Amino acid sequence: MILYRLFNLFFWVTLNYYFRTIETFGFTNIPQKGSIFFSATHPNSLIDPVLVSFKTPRLVRLIGKYSLFKMPFIRTIARGIQAVPIKRAQDSGLDPSQMQKVNDQAFGEMYKAFNKGQCIGIWPEGASIIKPGLLPFRTGIARILFGGINDIKKKHPEKSISVILIGINYTSSRKYQSSIFLVYGPVMEVSDEVLEMWRKEPRTTVKKLTLFFEKCTSRLFLNCPDWETFDIVSTTQMCLSDKNYSPRKFTELGIKVYECFKRFNKEDEDCKKYIEVSQKYSQNLKKSKIQDSEIIKNTNYSVFFGSLKIFFSIIFVIIYFVFALPGLVLNFPLVIHAIRTGLKSYKKPENCASSRLLFFSIIGFCLDIIYSSIIAKIFGGIYFLPAFFGFFALGHATSLFVNSIIGLSRKIRSTAKILKNRKKAKEILNLRNQLIELFFNCKNKFCNLESFNEKEKMLFDVENLGSDEFWFLEELKTVNKNDTKFWIQKEMIESIEIENENENENENENENQNQNEIKIENQNENEIDLESDENKELMN
């Protein structure tokens with residue numbers, strides 16, 4: 001427990017250093033006692049488990065694939081946070097016929113933790129890769145849950161396991177000083193009727209519950225089926241958002257835009273025009289390398305005021321560089337690594353932020369120790385701690401200065417291009433205004449709020465953001481008004497349709513996952529870059 005708290009303290013410093021804002025919603029509803037099964041999305045490699053562990057008020061034992069525990073540094077962290085290794089068949093070199101035996105051994109560790117009233121965290125997608133939405137959930141989440149509940153009820157019939165779904169939303173998963181919104185869904189429990197279904201038809205019920213969790217999780221973050229849809233929705237989200245939006249509002253807006261877009265009739269002339277204008281606007285921004293926020297600010301500037309803005313921005317860049325220079329020299333290994341992971345040719349872009357965070361944490365800490373030791377040897381041991389905190393503060397200040405320099409450089413480039421080609425800039429601005437107008441035309445045509453009930457209005461109303469009820473899943477119903485938990489009922493599971501029900505799950509699950517990974521990794525380079533510079537600028 002002490003080691004877990006120490007690691008959490010370390011990651012509290014590291015995460016708050018790396019990210020600008022970490023906003024959460026729903027964690028106050030987490031029960032203080034009892035077994036809980038946390039299921040989270042997995043968009044950002046090793047940062048996701050660290051984030052869930054650090055932000056959740058309960059001690060969460062995370063599930064990780066066995067291969068991760070072979071890395072010395074990761075193994076040390078995993079032991080510190082009491083993670084549980086899962087030795088899967090593919091990790092063990094076993095054939096599919098032996099899969100069940102290996103799974104039974106792995107799940108047994110989970111059941112022991114649940115019987116002790118502990119919390120377990122799982123990543124049902126099974127992989128972390130750059131993607132526009134959820135990968136298909138693996139059935140392990142339902143099998144562990146049913147097995148755990150069944151095991152607990154043998155000794156304590158009155159007890160069960162609560163389930164909490166988590167949506168992790170990054171404004172830019174790969175960039176320094178981006179923001180995070182962490183959504184904890186409502187506390188759920190499987191009803192006795194569903195448990196009885198599982199005992200009679202285990203395979204079918206496991207598949208249906210897995211699909212049910214996947215459906216509910218898709219409401220906790222922007223979950224687009226393909227890159228084309230993601231580009232249209234994120235471009236609209238960018239145009240409709242305000243620079244003062246919090247990560248929570250920005251995420252909610254994106255989800256609402258997508259929910260509206262799903263209802264649009266793609267054969268309608270207005271919808272066709274909306275899609276065409278959205279794609280054209282996005283392509284123009286990327287091609288001209290002009291930021292959306294700069295289009296709004298600078299298109300109507302005179303040449304004099306635009307030039308004056310560029311001049312003062314250059315002055316600030318020079319001043320920031322002077323202040324950043326000592327830190328850049330002292331922390332040159334971090335600078336080299338940051339440049340390397342920032343290159344588009346970086347072999348694993350989905351691991352970019354994790355690599356930076358771990359490298360900054362380890363190498364930065366070692367450099368601070370070395371420099372502080374030198375100061376202590378010269379001036380006396382009493383100066384070690386002040387020097388250590390001083391070098392840490394210098395490193396953080398240097399990062400902020402460099403980030404400001406990069407941001408100002410982009411603004412200078414955007415402003416200069418707008419002033420150089422004002423006609424083109426006005427065309428892009430007209431496209432932006434046209435996009436917003438067409439979106440609302442389509443929304444009023446296919447998502448007329450007057451024809452919806454209160455919950456549906458909340459889902460499609462892009463102009464009113466910030467309601468707590470938006471994040472509570474409408475698919476769930478309470479058993480009674482005094483019960484704060486949401487119960488997964490039999491009729492909810494029965495309504496789930498299974499595709500390819502007779503397909504052998506154990507043999508094909510890994511194959512399906514690999515196919516998804518190959519499809520995503522072969523996307524165009526422009527599609528791989530999920531979050532544009534414009535989105536980050538808006539959040540800044």
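Each residue, glycine too, has its Cβ placed from N, Cα and C.
Marked as compositional bias 'Acidic residues' by TrEMBL: 499-510.
Among the features that TrEMBL reports, compositional bias 'Low complexity' is placed at 511-523.
The average per-residue pLDDT of the prediction over the domain 'Phospholipid/glycerol acyltransferase' (36-171) is 81, rounded to a whole number. As annotated by TrEMBL, domain 'Phospholipid/glycerol acyltransferase' applies to 36-171.
According to TrEMBL, the region 'Disordered' annotation covers 499-540.
Per TrEMBL, the feature signal peptide maps to 1-24. Within the chain, the signal peptide (1-24) has long-range Cβ neighbours (under 8 A, six or more residues past its boundaries) at 47, 50-51, 53-55, 59, 77, 79-82, 176-184, 246-248, 353, 356-357, 360-361, 396, 399, 539-540.
What TrEMBL records for 310-336 (among others) is transmembrane segment. Proximity of distant same-chain residues to the transmembrane segment (310-336), defined by a Cβ-Cβ separation under 8 Å and at least 6 residues beyond the stretch ends, is recorded for 359-360, 363-364, 367, 371, 391, 394-395, 397-399, 401-402, 404-405, 408-409, 411-412, 415-416, 419.
Here the transmembrane segment (357-376) has Cβ contacts under 8 Å with residues 10, 14-15, 17-18, 46-47, 73, 330-331, 333-334, 337, 382-385, 387-388, 391-392, 395 of the same chain, all six or more residues outside its ends. Look at TrEMBL and you will find 357-376 (among others) tagged as transmembrane segment.
Taken from TrEMBL, the feature transmembrane segment applies to 382-408 (among others). Within the chain carrying the transmembrane segment (382-408), a Cβ under 8 angstroms from the stretch's Cβ atoms is held by residues 17, 176-177, 313, 316-317, 320-321, 323-324, 326-328, 330-331, 334, 364, 367-369, 371-373, 375-376, 537, 540, all 6 or more beyond its ends.
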